[in-house]
Amino acid sequence: MIAFPPCKINLGLHVVSKRSDGFHDLETCFLPVPWTDILEIIPATQTSFTRTGTTIPGNDADNLCLRAYQLLATSHNIPPVSIHLHKVIPTGAGLGGGSSDAAHTLRLLNTIFNLNLSTEDLMNHAATLGSDCAFFVQDNPMIGRGRGEVLTPVEVNLKGKYLVLVKPDIHVSTAAAYSNIKPATPQHELEKILNMPIGHWKELLCNDFERTVFAQYPAIGSIKAQLYEFGAHYASMSGSGATVFGIFDSPIDVSQFSQHTVWTGLC
Ligand SMILES: C[C@](O)(CO)[C@H](O)COP(=O)(O)OP(=O)(O)OC[C@H]1O[C@@H](n2ccc(N)nc2=O)[C@H](O)[C@@H]1O
Ligand SMILES: Nc1ncnc2c1ncn2[C@@H]1O[C@H](COP(=O)(O)OP(=O)(O)OP(=O)(O)O)[C@@H](O)[C@H]1O
């Protein structure tokens, strides 16, 4: 059975407080984006993990697909599987690709082996694999709070708009990005801003990571400025970077970003 794990972008991201477990409470809107990996899982006599596509740092034995399998293999005694991942989504880019692969592994295993796990069960398992993972159990826009795993559905009206995602060849450490931030209570209600016409977003919808990340990597801030120059209604960094996205009325010529990895498509 095959799945197409999507990535996400963050529409607004506030780091609200530091918790006693070392993580941070945040408030963000997760928006799924159809820039996808390809994940195949089939029952087998022995469990294996193979990979093609773009490179993933670290050992295959630690891949989140295998960790997701091992989680359900332990709790639900499922038989061995052969997992193949074709990696397309840039890794460690603020796009949550690894988290999506993990969540989609849980979803596929639930279907293949008729485990009858509810969405809530799957989200609880996913949250143990990463803060962004629970969001990918359903592929709908969500407000994320807590560590990112407390999810509330939200309407985001971007129908007919074009998205451009630009990923420069810069790696920002998520843990370091969190530790460089001074948490603060958000000044505006996120749902209210998302309900406003997109013209208001530029002033009101902020990603708290941008200030410190742009100071360290000015090239990331320059991409955001360029997206506005090219007519974006709204542009922002996603997650802790380094991907920057822009929202446009119509397709733009993305060849101007040819030195970076780029995805473009309808929202
Ligand atoms: C920046 C975001 O992409 C926004 O969506 C996410 O919060 C990152 O989520 P993620 O990549 O799934 O993060 P995890 O793999 O769970 O955590 C990586 C590291 O980021 C920090 N971290 C992550 C999430 C969170 N709410 N608070 C944190 O402080 C922790 O130092 C943690 O060790
Ligand atoms: N299937 C996978 N795809 C991508 N990365 C994986 C995978 N399995 C494990 N990883 C590890 O997870 C790390 C983060 O990957 P991912 O692409 O999810 O980052 P991200 O969520 O986009 O970025 P960030 O954590 O900076 O927000 C990688 O550096 C890699 O070592």
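Yeah, the Cβs are placed from backbone N, Cα and C, and that goes for glycine too.
Note that TrEMBL annotation is computational and uncurated.
Counting only residues at least six positions away in the same chain, the Cβ atoms of Phe30, Leu31, Pro32, Val33, Leu95, Gly96, Ser100, Asp132, Phe135, Phe136, Ser238 sit under 8 Å from the Cβ of Lys8 (active site). What TrEMBL records for Lys8 (among others) is active site.
The domain 'GHMP kinase N-terminal' annotation in TrEMBL covers 63-137.
Annotation comment: TrEMBL describes Pro90, Thr91, Gly92, Ala93, Gly94, Leu95, Gly96, Gly97, Gly98, Ser99, Ser100 as ATP binding site. Other C-beta atoms found within 10 angstroms of the C-beta of Gly92 (ATP binding site) number 18, with every protein chain shown included. DSSP assigns Gly92 (ATP binding site) to coil in the three-state reduction, outside any helix or strand.
Cβ neighbour count for Asp132 (active site): 28 (other Cβ atoms within 10 Å of its Cβ, all protein chains included). Residues or ranges marked as active site by TrEMBL: Asp132 (among others).
Annotation source TrEMBL lists domain 'GHMP kinase C-terminal' at 203-256.
Proximity to ligand 2 at the level of Cβ atoms, with a cut-off under 6 angstroms, picks out Gly92, Gly96 from the binding-site residues Gly92, Gly96, Ser100. Contact annotation for binding-site residues (Pro90, Gly92, Ser100) versus ligand 1: none, no CB falling under 6 Å from a ligand atom. If you take the C-beta of Gly98 (ATP binding site) and look for same-chain residues 6 or more apart in sequence within under 8 angstroms, you find Ile56, Leu64, Thr91, Gly130. Counting other Cβ atoms within 10 Å of each Cβ, the binding-site residues Pro90, Gly94, Gly96 show the lowest value at Pro90. Every protein chain shown contributes to the tally, and the Cβ of Ser100 (ATP binding site) ends up with 30 other Cβ atoms within 10 Å.
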